[in-house]
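*Asks:* Okay, handing you the structure first.
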Amino acid sequence: MAELRPSGAPGPTAPPAPGPTAPPAFASLFPPGLHAIYGECRRLYPDQPNPLQVTAIVKYWLGGPDPLDYVSMYRNVGSPSANIPEHWHYISFGLSDLYGDNRVHEFTGTDGPSGFGFELTFRLKRETGESAPPTWPAELMQGLARYVFQSENTFCSGDHVSWHSPLDNSESRIQHMLLTEDPQMQPVQTPFGVVTFLQIVGVCTEELHSAQQWNGQGILELLRTVPIAGGPWLITDMRRGETIFEIDPHLQERVDKGIETDGSNLSGVSAKCAWDDLSRPPEDDEDSRSICIGTQPRRLSGKDTEQIRETLRRGLEINSKPVLPPINPQRQNGLAHDRAPSRKDSLESDSSTAIIPHELIRTRQLESVHLKFNQESGALIPLCLRGRLLHGRHFTYKSITGDMAITFVSTGVEGAFATEEHPYAAHGPWLQILLTEEFVEKMLEDLEDLTSPEEFKLPKEYSWPEKKLKVSILPDVVFDSPLH
């Protein structure tokens with residue numbers, strides 16, 4: 001729960017911001033990390049010393065539910081001559097270390113990141129006649145902050161967030177987010193490390209899909225060229241009713257060319273998925289490592305979890321902590337990170353140590369496998385094949401309903417335990433599937449209807465008997481079984 005008050009209002013939950021000429025004695029009573037970020041805000045908004053602020057009534061470090069202590073809201077006049085409209089500018093306080101006493105973040109020194117190393121910002125177009133900023137963006141930022149604290153995954157510029165609901169709970173088409181550097185806020189050196197500022201940018205579903213298929217930075221650049229869709233400062237307009245591709249159809253050609261040239265930076269997603277070993281009789285479950293719908297999933301060993309974390313760090317941090325909390329209780333939202341690929345794609349860890357399977361969990365070669373996805377996850381298979389495998393990369397689905405993962409690898413990926421001789425291999429509940437370029441092209445032809453969800457009827461099955469591979473697209477309810 002939060003309350004709205006001027007940031008300079010007295011009280012234990014919202015300490016007053018110091019003036020530009022505050023004496024050192026007063027500044028010393030102010031949390032140093034908070035003081036440093038306020039200094040950057042004062043540089044940008046010298047005429048707004050006490051902006052409205054949404055404040056967590058019970059602080060996170062006192063057991064409250066909201067990780068952000070404060071969200072300040074400023075009025076930005078923009079620049080009409082540069083196609084930058086007047087807007088509200090929201091700035092968070094709490095993802096970085098505000099206090100330096102380990103109450104929230106462990107102090108690790110002044111040279112590295114402060115806390116998680118960043119704060120969130122958001123720019124919302126001001127509506128005509130609007131005298132005060134809406135407060136819903138503060139709750140949106142709290143939701144993203146909860147994800148960061150729960151998962152310990154950080155955000156980077158170019159990342160995207162699949163939210164699956166209008167950001168303001170209206171009927172808006174703006175239902176997802178990209179992240180980018182704030183165009184005005186400069187990195188701040190605090191006594192507890194460096195803080196950068198990442199801006200949330202609201203986007204339509206079609207724009208999110210393009211970011212997944214290509215990369216977030218490319219779509220952000222396109223949004224900057226369309227004033228109504230964001231313009232130079234990427235200001236979110238919740239009343240925008242058209243995608244950038246409807247506004248300028250030529251932009252789709254730039255995306256298609258980018259995918260063909262660059263491939264996709266997205267290397268993994270949290271998903272509703274499962275796999276079965278069809279080469280093993282159903283009753284023969286001794287030493288079985290596959291996760292079957294309707295059966296109790298086996299859990300990853302600690303070593304397996306660490307291996308998957310390390311080897312897929314470039315694009316997917318796999319863990320057993322909650323995924324992004326839903327803005328709408330009826331929906332479960334997922335987060336997908338969009339990272340730039342390294343020079344050589346590999347399933348090795350950062351230390352260049354190849355995967356060495358734990359001796360107690362042997363790697364098994366499988367003769368035949370059955371992959372199962374919900375419709376949203378299945379719709380990403382063409383992206384996996386065209387944007388990743390055809391560019392010599394890998395792509396991972398990490399289950400959000402069990403401790404298992406499915407990694408597709410191309411023949412050029414190093415460190416994989418699936419090989420051309422044994423293309424299906426499992427290490428515990430982690431399945432790897434190696435696909436040749438020829439087979440990828442064949443699958444893309446056969447899976448073409450996955451790109452037209454409006455014409456899709458579930459369940460849907462695809463089969464390649466000569467490859468002993470089957471893929472099923474199933475209703476969400478199949479994956480929501482309490483036993484799965």
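Quick reminder: no glycine exception, Cβ is built from N, Cα and C everywhere.
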*Asks:* Which residue among Lys303, Lys344 does Swiss-Prot mark as N6-acetyllysine?
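*Replies:* Per Swiss-Prot, N6-acetyllysine applies to Lys303.
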*Asks:* Scan 1-24, 97-120, 241-264 against Swiss-Prot and say which stretch is down as region 'Disordered'.
*Replies:* 1-24
*Asks:* Ten-angstrom check, please: count other Cβ atoms within 10 Å of the Cβ of Lys257 (ubiquitin cross-link), all chains counted.
*Replies:* 11
